[in-house]
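Engineer: Okay, here's the structure, questions in a sec.
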Amino acid sequence: MLETLRERLLSVQQDFTSGLKTLSDKSREAKAKNKPRTVPCLPKYSAGLELLSRYEDTWAALHRRAKECASAGERVDSEVVMLSAHWEKKQASLRDLQQQLQQLPGLIADLESLTASLTHLEASFEEVENHLLNLEDLCGQCELERHKHMQSQQLENYKKNKRKELETFKAELDAEHSQKVLEMEQTQQLKLKERQKFFEEAFQQDMEQYLSTGYLQIAERREPMGSMSSMEVNVDMLEQMDLMDISDQEALDVFLNSGGEENTLLSPISGPEASPGQDAVTLQVPTPSQAPATPPSSSSPGTDPASRDPSEGGESPVVQSDEEGVEVDTALATLHSDDSDS
């Protein structure tokens with residue numbers, strides 16, 4: 001478009017210059033025709049000079065105006081080029097807008113479908129959220145059940161361990177108790193044997209002294225021994241007894257022959273603890289008239305030798321204890337009888 005405009009401007013300029021040339025030529029021909037041929041005239045140089053100067057001025061003005069028109073045409077051409085580019089941009093924008101406007105119904109349909117899809121997705125999201133909440137509740141319940149199961153297992157293991165410890169402790173206590181009971185029984189048996197041996201030795205010494213001297217009288221009393229098998233007992237019962245005269249040798253022989261029975265009689269007396277509630281223990285040696293029929297026996301507590309009948313013999317020997325009484329321990333007597341049986 002600009003090229004055609006330039007070509008037109010150039011053609012107009014050429015036409016203008018050619019028209020000026022033709023006009024100058026025609027004016028020259030007209031002047032030549034107006035001259036009379038017959039009458040010769042002299043050339044007027046001043047008029048030609050003026051005409052030439054006028055033509056030069058006109059040509060210079062035309063040339064200047066042509067340059068101005070060319071510069072204006074160039075400016076118009078640049079503006080037209082810019083306008084054409086701007087128009088092309090606007091045309092492209094209009095085409096794009098037209099295409100977008102043509103696509104607008106499809107876009108609206110897509111938006112409607114997207115809206116429906118979003119609604120469906122919202123419902124799906126709500127359902128998934130509800131399922132997730134249910135799943136979270138189930139996970140919490142499972143975790144709680146697992147924790148309860150672990151706690152119950154720990155409780156069962158704790159109970160088992162405590163039961164095992166209790167059984168072990170019971171077994172240890174039973175073993176310790178049985179061992180202590182066995183040791184106590186052994187020590188008690190040893191103490192009882194020692195006491196029995198001690199009483200037998202004391203009895204033997206007293207009997208030897210009695211056989212050698214004929215009487216047994218103890219001037220001083222011994223203090224009670226310390227505790228044996230958790231009991232305080234009076235020792236040397238025979239040393240605390242006063243033996244009176246014997247009437248004849250036959251009664252002594254009968255008394256010596258019945259030593260086994262007296263040992264059985266004295267064995268429960270050696271074990272028990274002396275009790276202040278009893279009055280006395282009296283041992284009577286039989287007379288020759290009573291020797292074949294009556295063995296020596298222990299009188300009941302509270303028997304007074306001064307109250308005996310003098311018809312039985314005023315000289316009958318009597319063994320009387322200085323203690324207030326003797327309390328018989330049935331348990332020790334039983335153990336002593338078991339030892340004597342064995």
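Using N, Cα and C of the backbone, Cβ positions are placed for all residues, glycine too.
The annotation coiled coil is assigned in Swiss-Prot to 83-180. Look at Swiss-Prot and you will find 286-305 tagged as compositional bias 'Low complexity'. If you look up Swiss-Prot, you'll see S11, S316, S321, S340 marked as phosphoserine, on the strength of similarity to another entry. Per Swiss-Prot, region 'Disordered' is recorded for 263-342. Taken from Swiss-Prot, the feature motif 'Nuclear export signal' applies to 243-256, supported by similarity to another entry.
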Engineer: Going by DSSP, give the three-state secondary structure for S11 (phosphoserine).
Structural biologist: helix
Engineer: Among all the protein chains here, how many other CB atoms are within 10 A of the CB of S11 (phosphoserine)?
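Structural biologist: Taking every protein chain into account, the count is 10.
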